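As annotated by Swiss-Prot, ATP binding site applies to Gly9, Gly10, Ser11, Gly12, Ser13, Gly14, Lys15, Thr16, with the evidence given as sequence analysis.
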Amino acid sequence: MVKIIGITGGSGSGKTTVVNKISEVIPEFVLISQDNYYKSVGDYEYEFLDVNFDHPDAFDNNLFYKHLKKLKENKLIHMPLYDFINHKRKDETVEIVPTPVVIVEGIMIFVEERVRNLIDLKIYIDTPNDIRFIRRLERDMSKRGRTLESVIEQYLSTTRAGYYRFIEPTKEYADLIIPEGGHNDKALYVLSSFLRTLGQESSVFF
């Protein structure tokens, strides 16, 4: 059976760095980003939320769960792609063929119990707010066509509140909490050693 590793934490916490570290231990896996499951801005729910990207209802949670469940059952999916510049889902999708290990990352992947129940190893990246904000600012301006003013406004109006309301409380579900994210060499070493040990004991880990 396919095993799923879930990596969560606030925006800019260093989830991608941890994924890269895992890739040194598990050479073959598919990566599912929850970001691709954002609803398009034109959806009814977004009008209700006033385009709040930091609320669980901003995601197509039913499709996200359906796809993870299919991957868990070793079935292929067609993952959506999200356009962050135009804030809508692209017309094309990506065919994802499951591998023995699937890594899923996103800010709210531990919020729903049905999704948590599909994840075999839950990792929470705990990084200071100021560091996360700086990383988010750099990313959104360089890769998502955002202005400095718009990123700051979003952070103050929804992102900060959304983190404390929805994301941070999910730490209690984590099997492993990594402070400082990808810069915590000792924690990443422990994680890598753990995965290597499991790999020696099982052909599919876990």
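Positions of Cβ are set from backbone N, Cα and C atoms, glycine also.
Highest Cβ count within 10 Å among the binding-site residues Ser11, Ser13, Thr16: Ser13. Its Cβ taken as reference, Gly9 (ATP binding site) is surrounded by 28 other Cβ atoms within 10 Å in the chains shown.
Taking every protein chain shown into account, Gly10, Gly12, Gly14 are the binding-site residues, and of these the Cβ with the most other Cβ atoms within 10 Å belongs to Gly10.
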